[in-house]
Amino acid sequence: MVKTMKCKFCDKKSYIKLKSPKMYLCKEHFVEYFENKVKKSIDKYKMLSKDEKILVAVSGGKDGHAAAWVLKKLGYNIELFHINLGIEGFSEESLKAVKELAEKLEVPLHVVNLKDITGKTMEDIRGKKCSICGTTKRYLMNKFGYENGFDVIVTGHNLDDEVSFILNNLFNWNIRYLAKHEPVLPAHDKFLKKVKIFFEIEEELILKYAEAEEIPYTTVECKYAERAITLKHRAYLNELEKERPGIKYQFLSGYMKNRHLFKVEEEDFQFRECEVCGMTSAGKICSFCRVWKLYKKKKENRN
């Protein structure tokens, strides 16, 4: 007969077994534990304040949705931002989940359609789409946030994402990325402050929180996602986590303590305004306008 484990803090049946710290928790005490963990992380890194106007990026998946949910419960002033990328099947399901989330949270939802801005969808892009998609999402959410008076952008990147990212950049010795990897990116010119409230939270815990709170999200994945290397990294890290519970967090903590070792001296760099859209750019034309060839449209409109 299998023994039913009880919650550490009450007599209810356990909902989850935490590996680090080792304890069983019922659904109610797990939700309390999770939300306190997020609050501590926000306070630790001075991520957010209650008077800030916060734009939460939601793609339809559990991480962004859980981020919005917990911030609303903690009393922050949030609104949701979603980009319809025009990917058959995926975009429809994502938008449906996002609308349901906004309705449950009773917060404003802002939806931007990629085709309305570029005249194209991600389906129209040939070859590898992921890097262009990343550039597109970062640009559009920052531009929308800047033009609509938001103070900060929150994304749902979690501990597993961060550790995998750091590991990948260590393998490739991308020093510049390693030097700038932070839970909070400060505002600069037209770049809004960006925050990762799940920087220290495992993906597994986010999933269990989403299930416990019955947060609406879609499990449909993008058919173009390039995840081969990332999945291998995660599988390796998950095996290590089984053998040494807490190793992911220890790895991230070690990186945060020693990230100054990756700092490199850089020449004084002056950002400028993109000649096409006017947003902050490293060059004459920003990466978004360049990849979507919007500079060509501007020339055509002049003629």
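The backbone N, Cα and C atoms fix where each Cβ goes, and this holds for glycine too.
Per Swiss-Prot, Zn(2+) 1 binding site is recorded for CYS7, CYS10, CYS26, HIS29, and the stated evidence type is similarity to another entry. Under the three-state DSSP scheme, CYS10 (Zn(2+) 1 binding site) falls in the coil class. For CYS10 (Zn(2+) 1 binding site), the number of other Cβ atoms no farther than 10 Å from its own Cβ, over all displayed protein chains, is 11.
For ALA57 (ATP binding site), the same-chain residues that are 6 or more apart in sequence and have a Cβ closer than 8 Å to its Cβ are GLY64, PHE81, HIS82, LYS137, MET141, ILE153, VAL154, THR155, GLY156. According to Swiss-Prot, the ATP binding site annotation covers ALA57, ILE83, LYS137, GLY156, on the basis of similarity to another entry.
If you look up Swiss-Prot, you'll see CYS130, CYS133, CYS222 marked as [4Fe-4S] cluster binding site. When other Cβ atoms within 10 Å of the Cβ of CYS130 ([4Fe-4S] cluster binding site) are tallied across all protein chains shown, the result is 13.
Taken from Swiss-Prot, the feature Zn(2+) 2 binding site applies to CYS274, CYS277, CYS286, CYS289. Taking Cβ-Cβ distances under 8 Å and a sequence gap of 6 or more within the same chain, the neighbours of CYS274 (Zn(2+) 2 binding site) are THR280, SER281, LYS284, ILE285, CYS286, CYS289.
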CYS277 (Zn(2+) 2 binding site) CB neighbourhood, other CB atoms within 10 A: 18
Same-chain residues at least 6 apart in sequence whose Cβ lies under 8 Å from CYS133 ([4Fe-4S] cluster binding site): LEU85, MET122, TYR224
Alpha-carbon spacing, CYS7 (Zn(2+) 1 binding site) to CYS277 (Zn(2+) 2 binding site), which is rounded to whole Å: 55
Distance from ILE83 (ATP binding site) back to CYS130 ([4Fe-4S] cluster binding site), taken between C-alpha atoms, in Å: 15
